[in-house]
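Take a look at what Swiss-Prot says about it:
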- 1-789: region 'Interaction with NBN' (REGION)
- Lys274: ubiquitin cross-link (CROSSLNK)
- Asn543, Arg572, Arg576: ATP binding site (BINDING)
- 1022-1041: region 'Disordered' (REGION)
- Thr1103: phosphothreonine (MOD_RES)
- 1103-1134: region 'Disordered' (REGION)
- Lys1116: N6-acetyllysine (MOD_RES)
- Lys1125: N6-acetyllysine (MOD_RES)
- Ser1162: phosphoserine (MOD_RES)
- 1204-1252: region 'Disordered' (REGION)
- 1206-1221: compositional bias 'Polar residues' (COMPBIAS)
- 1222-1240: compositional bias 'Low complexity' (COMPBIAS)
- Ser1274: phosphoserine (MOD_RES)
- 1275-1288: compositional bias 'Low complexity' (COMPBIAS)
- 1275-1298: region 'Disordered' (REGION)
- Ser1302: phosphoserine (MOD_RES)
- Thr1332: phosphothreonine (MOD_RES)
- Ser1346: phosphoserine (MOD_RES)
- Ser1353: phosphoserine (MOD_RES)
- Ser1388: phosphoserine (MOD_RES)
- Ser1411: phosphoserine (MOD_RES)
- His1515, Cys1520, Cys1523, Cys1651: Zn(2+) binding site (BINDING)
- Thr1695: phosphothreonine (MOD_RES)
Amino acid sequence: MAAIGRGRSLKNLRVRGRNDSGEENVPLDLTREPSDNLREILQNVARLQGVSNMRKLGHLNNFTKLLCDIGHSEEKLGFHYEDIIICLRLALLNEAKEVRAAGLRALRYLIQDSSILQKVLKLKVDYLIARCIDIQQSNEVERTQALRLVRKMITVNASLFPSSVTNSLIAVGNDGLQERDRMVRACIAIICELALQNPEVVALRGGLNTILKNVIDCQLSRINEALITTILHLLNHPKTRQYVRADVELERILAPYTDFHYRHSPDTAEGQLKEDREARFLASKMGIIATFRSWAGIINLCKPGNSGIQSLIGVLCIPNMEIRRGLLEVLYDIFRLPLPVVTEEFIEALLSVDPGRFQDSWRLSDGFVAAEAKTILPHRARSRPDLMDNYLALILSAFIRNGLLEGLVEVITNSDDHISVRATILLGELLHMANTILPHSHSHHLHCLPTLMNMAASFDIPKEKRLRASAALNCLKRFHEMKKRGPKPYSLHLDHIIQKAIATHQKRDQYLRVQKDIFILKDTEEALLINLRDSQVLQHKENLEWNWNLIGTILKWPNVNLRNYKDEQLHRFVRRLLYFYKPSSKLYANLDLDFAKAKQLTVVGCQFTEFLLESEEDGQGYLEDLVKDIVQWLNASSGMKPERSLQNNGLLTTLSQHYFLFIGTLSCHPHGVKMLEKCSVFQCLLNLCSLKNQDHLLKLTVSSLDYSRDGLARVILSKILTAATDACRLYATKHLRVLLRANVEFFNNWGIELLVTQLHDKNKTISSEALDILDEACEDKANLHALIQMKPALSHLGDKGLLLLLRFLSIPKGFSYLNERGYVAKQLEKWHREYNSKYVDLIEEQLNEALTTYRKPVDGDNYVRRSNQRLQRPHVYLPIHLYGQLVHHKTGCHLLEVQNIITELCRNVRTPDLDKWEEIKKLKASLWALGNIGSSNWGLNLLQEENVIPDILKLAKQCEVLSIRGTCVYVLGLIAKTKQGCDILKCHNWDAVRHSRKHLWPVVPDDVEQLCNELSSIPSTLSLNSESTSSRHNSESESVPSSMFILEDDRFGSSSTSTFFLDINEDTEPTFYDRSGPIKDKNSFPFFASSKLVKNRILNSLTLPNKKHRSSSDPKGGKLSSESKTSNRRIRTLTEPSVDFNHSDDFTPISTVQKTLQLETSFMGNKHIEDTGSTPSIGENDLKFTKNFGTENHRENTSRERLVVESSTSSHMKIRSQSFNTDTTTSGISSMSSSPSRETVGVDATTMDTDCGSMSTVVSTKTIKTSHYLTPQSNHLSLSKSNSVSLVPPGSSHTLPRRAQSLKAPSIATIKSLADCNFSYTSSRDAFGYATLKRLQQQRMHPSLSHSEALASPAKDVLFTDTITMKANSFESRLTPSRFMKALSYASLDKEDLLSPINQNTLQRSSSVRSMVSSATYGGSDDYIGLALPVDINDIFQVKDIPYFQTKNIPPHDDRGARAFAHDAGGLPSGTGGLVKNSFHLLRQQMSLTEIMNSIHSDASLFLESTEDTGLQEHTDDNCLYCVCIEILGFQPSNQLSAICSHSDFQDIPYSDWCEQTIHNPLEVVPSKFSGISGCSDGVSQEGSASSTKSTELLLGVKTIPDDTPMCRILLRKEVLRLVINLSSSVSTKCHETGLLTIKEKYPQTFDDICLYSEVSHLLSHCTFRLPCRRFIQELFQDVQFLQMHEEAEAVLATPPKQPIVDTSAES
């Protein structure tokens, strides 16, 4: 009703407005023949004189009435549509804006289909529509109607949309704000609408630039989002992506942040610059955030190369505080994090983002406890995927990959305090988020914070920076403590509920616990008396001065109560407290809620009631006194008028509301319940339920009582749920969610029943809330069983009710219940037919609500609501899917198999049709269905049989419709819900999160399935020296060394490999993939259960059959044996389990050596080792490092060795290896560490040099992970003309004590050095060989990438980048030894360095000793959260380059124009296209009027005769308002002279007749301050034009040339067109305008020329003019009569009515 009433009132207003404007009431007789009515209307509209404008207005309004009455039919109307349009368009030329508005309205009603629209456009009415939009003279009514007509044209057929109107809209969009045009937003909205329907015409005219410009102009998030989403929609699909310039247009929104000199408008005054900059920041922030909320935006801003995300993060490293502050706000918004207050105090900032901080919505008058609990208590879903997590994980991974963490460290250490504080909190939030939602391959390097640790520990950097870093680490520790503590309830009511729920569970668990207070000290009584005295209660009556801490202690004292202690002092103590708390005393009750000790006083009050309860009979009298007083207060409150009771009792503002907590405390105890019954408290509360306007009292009642026991408390709750007001019923329903989340005892027995009752509430909001709570409750199987037992009716609740019912199918009991009723078969059919598609809408709507300003329409309202209010970290839990529920058990799986559903879904995925949106939606529906099926092990087997998972992975990486990639990411997350799913994805280089939500601090499970005895293989770290070890936080007490061994195996395909040491000389062409994390294999690397076995086998192998000496000058290095060249072997690494070397001085190896074991070592150095068969022993000293380590330079004494051990493992593994891995974020120099994540070094087998350590030194801060797959034929790299180097495993253990490294701007990659002092090491030449190997790998990965692109990881400290020159054949070191040493000296000793994963196969998911959890002890039955990402996140950001679209595709009615303006031109705004450019080119070639008139007589004649010139270069019959009608009507108008369109009209008029001039007397030039007739100097306005700088008048001697001659008109036309085209340039605009005004003044009849106006309109439709210029041009022609067009209309109406013929061509 409201909507109807509103519509009627608006209509009345509209009518009244027209009457106010003077419209004459023209009667319309609908009983007459429609053709007669129409003829009368058209005659009145077309008549030039004799009909007042207001009468015309009446007739035009009658025209719309007539159309609405009889419909669209040429037969009924008696006129062709062309005839009607020829007459109606005259209304658009009327001088009265009301008539023009009515004409536009009439056209809008007339255009019903494409055929009519084609006719309107053929008659060039679009020129006149554009004219209405351009002109602004208090004519908003007219312009509004014009825009409504434009929208109708888009709706009818956007592909026909004319460029003339597009240019007009774009001009308003570009310049409207400066011109204070009120239609600017409407025009931009229409441009967006058009861009979606016909992107080509918008892109061709530069409309996309207009949209993006307005993004930076608009600070309203709803509008800003709509604008940017238009561009993102075009980027989403390959067919429309061509219209957006790659890497240029979308990146415009970043400009305010990335361009420090950005000025949005050159006209901004200096004084307004700061304000303008703030506005641009805000608008840009909104645009960036909206872009990151869409898949098209994410993929385009994150794609590898020079991406937008790199620009943003790079700017963080530049010390501009204003930009940093703004960017931090952007990042907080992108990750949906609350923004801390601006402060220099970290604690203050931290408290401002504490989830438990007070919020206004938690007040009693608002959402109270229900709102607080929804924020603080976690959702019951433990493993149901939250799609927001998937989205955030992807974004976070992309940002981390591009160096965000290092950027934040730079901001923390180099910014003002308030910025540093914000950056620290953001860093903490992101690390916490990464720990929770990132797969381990994406997060293993996050927790080290090496750069920050380095800065805090190093004395080589400025003190201020070091102190900042140290402070930041302390702050992060406090932040972690806050996260670990979790959100604490703010209100005592919620705290009371949670504590009671915990207490009941604990009591149940510890029912038979032994009393702890058996051994009470003898002096308890004495101590009690001392405390009584010190509490001050007995000393004085200043209640608030009492020691309330001591009072609480006394009341909680074990075994102290009035029953045990008869002491009078204790009774006095109790009486004083009782008096204080009684409502009648008005002491406690009248204190304000925000009083400093308010919470403490209430807590003590609750303890006091418990104390009295425990005192039994002795305390009963006091307790009864208190309770009766509270009842009296309650009755008094409820008896008053509501406003008085609240005002007088101060329920909203005073502690009186906490009396309900006292009642709640009593309701938790059986004795307390009896007391409440005895004092009629329950009866009083029941009476409250039926009273009106007692909402606050009822809220307090519901929130305070304990419902764990069956009794009157539940009766009261039940009554409030059914009998109270709507607001109270809704609150009570919401409170059931609080009880559910607080895990109140036996909720499934009684809570579910109450919720089912609420489903039938007449208020839809309440039933919907109950349904939502039931959905959450069913996450718990006990609740689901209880619900199925009740068999509720859910069909009346729409789609949500249906989805809840589908949950029944997930357990056999529910399946059989529904199957018996034939429900399952019906649903299968429905889902196949329509619900699979509906499911896509449901999910995308939820995601839109969570991510954008979109709000779901309420109660069937079609109006799309938007909200500027920012949602706090919303959740989008995956809706229930029929197939996903069926696959939870074997019966359901069998049913899906029998129905052949999966095969069809797989077919849709394998052969998608991406050209139609319906097909794209069908593909999404199939993906979601398959994902839900794959979310259980049963269903996953079905997907495996179809082998469809690789197809989904392919779509995720390569699909050209970018939103499909997003859907695939979500769907692959569903497949990763089970361990089996994770393992399958792992084989395809996708890593998944392997924990559920109940693990708040997830520990990485051990993936090593083959590990027989996990505990025995937990390695530990080698102690470097006492100083470094003691400085390590939480270091292991017992440190033992470990060793790394290379395992070679001639049997291909027998086990997984991790090849670090590669023979570079072998011929092979492995395939490389850039990875952001180690690649995980299905089966991990085999450890040996017994460390003794390993020790023996390794020691048995220490013979040296193939030693090869190499001097430091040997250019080729130690060549490997010919055997190693010819045989294809697989090299694997193994981390030896911990072996304690400290118990013996040395090892004595067993002398027998197995034949299959080889040791291949190449030595370099000046120490000679005999090439004998003896096996050197490894002594303890060989592995110990002295404290003077690093003082001598023995770089030549390095050695390389290869220990070769045979190992047999499982035979079904893929062959994978890691050739080069620099992917620790830590500075990787570590002690000889061996951890689950660590490959350790090859043992140095020399016995002579006791200071020799291991040769493994690779340092890096961020990751370039490279893995390659070995083919069975070969496993070595080929590298011509290169050293044969046995390479070191990057990041493996090290031997240097280190200081922290101070980094330069983190955006610059710095080397961490490969040199060290007196332990065996790679030479610098080896380092270059190593680097070259890396470069070649990168080139094979991305042949098209430049050196910097290929090598520069987003890391800030990448190994081997700019500091080493990367040239294939000429290695030049830019590092001096001293710089090597300096770099090494900085390295940090962060604990996590030792725990950073290296080995891809075995140790992917490992962290540290504390992370070692066997999969056996891990919660196996619990599903994971359902989140997976590719190991290399860039895999899903690759987009095929589509060239920018060509401008040759012009709408059909512009063919002639397209031919005319075919070339190129300069100086135009982008987006105008070739048409625009060439018109300049041609028009500049014309001779100016001055040149023609200055030429001699014969030249002028020749010029005119040779060109057959009309003065109009682009004129055709099709693009002229006048000539097109002649062509259509097929007759000539009466006034031939009016149209000088063809040369024949004046061809026979001799030149001398009007220019009586001899050859010897040329035209005289009369100087004036203007040049030419126009008064415009072409020398100034157009570079290169050949015009006179003098002024001319058309004179013969002193006689003016007659201006009514054809020749004169030609010249004037040329001059007008030349000046008009010059106006499209912003140079000398004023000069050109002056020239046109001069012509207007001297030759006004020049502009009364329809063909000239059509030509000008044609130029306006094909060239870009600024809005002021368009307005100026339109106003030149504004007072023109256009008589010939009236004559055409009269000719139409003069012809007798003829039978209309349907135009079939137009229809086609």
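Going from the start of the chain as shown, residues are counted 1 onward.
A Cβ is built for glycine as well, from the same backbone N, Cα and C atoms used for every other residue.
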Pop the Cα-Cα gap between Lys274 (ubiquitin cross-link) and Asn543 (ATP binding site) into the table, whole Å please.
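Given the Cα positions, Asn543 (ATP binding site) is 55 Å from Lys274 (ubiquitin cross-link).
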Across the region 'Interaction with NBN' (1-789), what does the mean pLDDT come to, as a whole number?
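Summarising the region 'Interaction with NBN' (1-789) by its mean pLDDT gives 89.
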For Arg576 (ATP binding site) and Lys274 (ubiquitin cross-link), determine the Cα separation and express it in whole Å.
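Roughly 63 Å, rounded to the nearest whole number.
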List, in sequence order, the residues of the same chain other than Asn543, Arg572, Arg576 whose Cβ lies within 8 Å of the centroid of the Cβ atoms of the recorded ATP site.
Val537, Leu538, Lys541, Trp546, Phe573, Arg575, Leu577, Tyr579, Phe580
Other Cβ atoms within 10 Å is the metric here; tell me which of the binding-site residues Cys1520, Cys1523, Cys1651 scores highest.
Cys1520
If I take the alpha carbons of Lys274 (ubiquitin cross-link) and His1515 (Zn(2+) binding site), what is the distance between them in whole Å?
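On Cα coordinates alone, these residues lie 50 Å apart.
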Among the binding-site residues listed here (Arg572, His1515, Cys1520, Cys1523, Cys1651), which has the Cα closest to the Cα of Thr1695 (phosphothreonine)?
Cys1523
Widest Cα span across the ATP binders Asn543, Arg572, Arg576, in Å?
14
Identify, among the recorded positions Lys274, Arg572, Arg576, His1515, the residue whose Cβ has the fewest other Cβ atoms within 10 Å in this structure.
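Counting other Cβ atoms within 10 Å of each of the recorded positions Lys274, Arg572, Arg576, His1515, the minimum falls on Lys274.
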Translate the DSSP assignment of His1515 (Zn(2+) binding site) into the three-state scheme.
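Going by the DSSP assignment, His1515 (Zn(2+) binding site) belongs to neither helix nor strand, so it counts as coil.
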Between Cys1523 (Zn(2+) binding site) and Arg572 (ATP binding site), find the distance joining the two CA atoms and give it rounded to the nearest Å.
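Distance (Cα to Cα, whole Å): 111 Å.
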Whole-number Å distance between the CA of Arg572 (ATP binding site) and the CA of His1515 (Zn(2+) binding site)?
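Answer for this pair: 109 Å between alpha carbons.
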What's the number of neighbouring CB atoms sitting within 10 A of the CB on Asn543 (ATP binding site)?
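Result for Asn543 (ATP binding site): 19 neighbouring Cβ atoms inside 10 Å.
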How many other Cβ atoms sit within 10 Å of the Cβ of Thr1695 (phosphothreonine)?
10
